[in-house]
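Report on one structure; see the data block that follows.
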Amino acid sequence: MNNIRNFAIIAHIDHGKSTLADRLIEECNGLETREMTNQVLDSMDIERERGITIKAQTVRLNYTANNGNKYCLNLMDTPGHVDFSYEVSRSLAACEGSLLVVDSSQGVEAQTLANVYKAIDNNHEIIVVLNKVDLPAADPERIKLQIEEVIGIDATESILISAKTGLGIKDVLEAIVTKLPAPQGDTNAPLQAILVDSWYDPYLGVVILVRVKNGVLKKGMRIVMMSNNATYQVDNIGIFTPKKVMTGELSAGEVGFITASMKEVADCKVGDTITEEKRPCSKALPGFKEVHPVVFCSIFPNNTDDFKYLREALEKLHLNDASFTFDAETSNALGYGFRCGFLGMLHLEVIQERLEREFDLDLTATAPSVIYKVETQNGKVLNIHNPSDMPDPTKIEIVEEPWITATIMVPDQYLGEILSLCEERRGEQQDLSYVGNTTTALLKYKLPLSEVVFDFYDRLKSISKGYASLDWEISDYQESQIDKLSFLVNGEPVDALACIVHKSRAEKRGREICARLKDLIPRQQYKIAIQAAVGGKIIARETINPYRKDVTAKLYGGDVTRRMKLLEKQKKGKKRLHSVGNINIPQNAFIEALKIND
């Protein structure tokens, strides 16, 4: 056990951690040269294309150090994006040390901070690695100072590397072996293992990634999940090198995978403790919590025949990702679809993109919303995330909405605009400080989640030319003035356009969407009224004027009454059309109408 090292790589998005993982695998001959691809551990196409890691991955490397000893290194590659922060915290709980990778031209960013603090909470030994030192803009000395001032860890012995060219990779491996502690654990104690991740394999069923803390996990053993007391028999045990290699057992300190004839990923909660049925351990490992979706939106197939394929696709994605939820729902305007819950906007985009690409579905998604707590006058508390479930305004006592604490790091030349963006989004400033003696400001803000889920991140990036970084966590619920904004086209409510907004925004948002619909809905032979309403009160209206056919064109001279008769007939016809005519709102009108204007 003294020769095992378990470590995670933590970094902000794009600071090069997946590339560093590639180099470490190469250096330890984990894969043959012909099998090496860029970002080996990012197995999904979207992960490679967007250059982000979504699922936590693991690999075991065998390394012979300069002192001649053979070491077994378990590397956990963690996601860097804020939506997947729970995956990061679980991966960190399974390790004793971390490599903190910082881009030596960009320096420390908000998510680096958040993840480092998680590592420190897990009592990790941290090795600082400065990447991209081959770039002309690299300034390692400045970044070392910044790390010491912002994070408060010693960066004098930072390792300078370039993951792209392979410079300094050997030094990283030596540092892992010499500076990081070996895992603690007792192989004779009852089995105690933490469930780090799980995914669905078409041949093996559910595969669980585990880190054994105490005891030994053997093939054929009956195990118990401590969160729900479900029992299973272990069928296979193995490790990733990154290829699967069956080993038959895992003992204290080791990281590997097991399969146990589980049908669904939802059965194995990430962060749960696994123990033996015959000889269970006395208590579960700390840090387990259920992950709940934060952002909701409805997804409808553009072709109604695709409904069953959409259900199958969602079930397949759910096999791999239990943090995302879905329930069937119907809409008068869009037909049958699903109400889905996600961890954040990136999570939503990734799932939607996977549905469209991997399953070839053509989809419409409604405006994302968050969970509001509504207390009715008879004392009931409802959790509402779908505008159509919102009770009548006369029956509502109070509405509470979720607030978050956001940490934003931004160069000071963009500070003014970022502050006004936060104020515009109903933010409350908590703290503003400067990072050491640099020109980077560290902002702490409390913001309503509903103002952040839409396009806050994109606006933040565009205002700051990409230099600002954001990390957030949900803090609490606060009472708020919330209204349901409904839209009527020709007096008929269109449920797919309804949204829940803050009272101060209702009129502006209503006018915007009505104006947009006016441009998007095709003209008809009769007049169309588009209205926005809150409660029973109309707050905005636009009118689409009708086409007018010139029915008098063929008249030449003659009596004026003939002309009047034809015009009268046209008027009657339009009236009849107006009462029976059904307006087909094109699909793209929904999507375009719900986009928020800057």
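Any Cβ shown, glycine's included, is placed from N, Cα and C.
Per Swiss-Prot, the feature GTP binding site maps to ASP14, HIS15, GLY16, LYS17, SER18, THR19, ASN131, LYS132, VAL133, ASP134; the stated evidence is sequence analysis. In this structure, GLY16 (GTP binding site) belongs to neither helix nor strand by DSSP; it is coil. Here GLY16 (GTP binding site) comes close to VAL101, ASP103, ASN131, LYS132, ALA163, LYS164: these same-chain residues lie at least six apart in sequence, with C-beta atoms under 8 angstroms from its C-beta.
The domain 'tr-type G' annotation in Swiss-Prot covers 2-184. On the 0 to 100 pLDDT scale, the domain 'tr-type G' (2-184) averages 74 in the predicted structure.
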In which DSSP state, out of helix, strand and coil, do we find ASN131 (GTP binding site)?
strand
By a 10 A CB contact count over all chains shown, which of the binding-site residues listed here is most packed: SER18, ASN131?
ASN131
Tell me, how many other CB atoms lie within 10 A of the CB of VAL133 (GTP binding site), whichever protein chain they belong to?
20
